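Asks: Encoded as structure tokens, here's the structure I'll be asking about.
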Amino acid sequence: VPGIENLPCELQRNFQLMRELDQRTEDKKAEIDSLAAEYIESVKNMLPEERVEHLKKIQSAYSKCKEYSDDKVQLAMQTYEMVDKHIRRLDADLARFEADLKDKLEGSDFENSGSRSLKKGRSQKEKRSSRGRGRRASEEDTPKKKKLKGGSEFADTILSVHPSDVLDMPVDPNEPTYCLCHQVSYGEMIGCDNPDCPIEWFHFACVDLTTKPKGKWFCPRCVQERKKKK
């Protein structure tokens, strides 16, 4: 199948990027621990301005760490979707192959049936004119009938699957759903910054986004809840 040869290289690249993001996240976590320990140790001797500055450094490191984690989640979802796309394409090609094979077998079955009827008519004429020739004709028909029967049985074993049936296959029921549309993950998604958000992840198109917004982002439901609390 065209394009599938590049799949291992693309997967290797994505996994390498996720490994790098993991390392960056671990480095930031170590930096946060160091800054927090330093703050706790010297907070009593710090001026108010120094405390604020130090807390801003910690907050900035946390934000960077979350950004790396979000990028890793996005990359993982893109990788899953890429593999799923190739699997669906292979399923569709397999279904087309089986459908074409069944059509060829049915066409061959029809041609063999027609030729058998024609030979049967000839053998009847030959029986009238010559008993010996008629016997030879009937003996020649016997293996052909057996062969035709075997071919029909083989044709019946081929699954009658149409390519569109594969493309419209239901999504794995065990796969989690997200967003306001209650669909599985696909394309670009964004996470709600409300830790208590019941949905957490949303498709860009469903929340009218084309690019990732700067700063914190809250989903429409959480925005309404925040307004009610105010």
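Backbone N, Cα and C atoms are what each Cβ position is placed from, and that goes for glycine too.
Pasting the relevant annotations from TrEMBL:
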BINDING   CYS179, CYS181, HIS203, CYS206  Zn(2+) 1 binding site
BINDING   CYS192, CYS197, CYS219, CYS222  Zn(2+) 2 binding site
DOMAIN    176-225  domain 'PHD-type'
REGION    106-150  region 'Disordered'
SITE      TYR178  site 'Histone H3K4me3 binding'
SITE      MET189  site 'Histone H3K4me3 binding'
SITE      ASP193  site 'Histone H3K4me3 binding'
SITE      TRP201  site 'Histone H3K4me3 binding'
Asks: How do the residues of the domain 'PHD-type' (176-225) split into helix, strand and coil according to DSSP?
Replies: 9 helix, 8 strand, 33 coil
Asks: Where the distance is taken from Cα to Cα, which of the binding-site residues CYS179, CYS181, HIS203 turns out closest to CYS222 (Zn(2+) 2 binding site)?
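Replies: Closest recorded candidate to CYS222 (Zn(2+) 2 binding site) by Cα: CYS179.
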Asks: If you measure C-alpha to C-alpha, which of TYR178, MET189, CYS192, ASP193, CYS197 (recorded positions) come within 10 angstroms of HIS203 (Zn(2+) 1 binding site)?
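Replies: Correct set: TYR178, MET189.
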Asks: Does anything in the same chain, at least 6 positions from TYR178 (site 'Histone H3K4me3 binding'), have a Cβ under 8 Å from its Cβ, and if so what?
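Replies: Once residues fewer than 6 apart are set aside, TYR178 (site 'Histone H3K4me3 binding') is near VAL184, SER185, MET189, ILE199, GLU200, TRP201, PHE202, HIS203.
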Asks: Would you pick out, from the binding-site residues CYS192, CYS197, CYS206, the residue whose Cβ has the largest number of other Cβ atoms within 10 Å?
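Replies: Counting Cβ neighbours within 10 Å, the top one is CYS192.
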Asks: Around CYS181 (Zn(2+) 1 binding site), which residues of its chain at least 6 apart sit with Cβ under 8 Å of its Cβ?
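Replies: CYS181 (Zn(2+) 1 binding site) has long-range Cβ partners HIS203, CYS206.
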Asks: Excluding CYS192, CYS197, CYS219, CYS222 themselves, which residues in that chain have a Cβ inside 8 Å of the centre of the Cβ atoms defining the Zn(2+) 2 site?
Replies: ASP193, ASN194, ILE199, GLU200, PHE202, PHE218, PRO220, ARG221, VAL223
Asks: Roughly how many Å lie between the Cα atoms of CYS219 (Zn(2+) 2 binding site) and ASP193 (site 'Histone H3K4me3 binding'), rounded to a whole value?
Replies: 8
Asks: What same-chain residues, at least 6 away in sequence, bring their CB to under 8 Å of the CB of ASP193 (site 'Histone H3K4me3 binding')?
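Replies: Counting only residues 6 or more apart in sequence, the Cβ neighbours of ASP193 (site 'Histone H3K4me3 binding') under 8 Å are LYS216, TRP217, PHE218.
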Asks: Using a 10 Å cut-off, grab the number of neighbouring Cβ atoms around the Cβ of CYS222 (Zn(2+) 2 binding site), all chains included.
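Replies: I count 17 other Cβ atoms within 10 Å of it.
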Asks: Between CYS192 (Zn(2+) 2 binding site) and CYS179 (Zn(2+) 1 binding site), what is the CA-CA distance rounded to a whole number of Å?
Replies: 10
Asks: Under 8 Å Cβ to Cβ from CYS179 (Zn(2+) 1 binding site), same chain, six or more residues apart: give me those in sequence order, or none if nothing qualifies.
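Replies: Long-range Cβ contacts: MET189, ILE199, TRP201, PHE202, HIS203, CYS206, VAL207.
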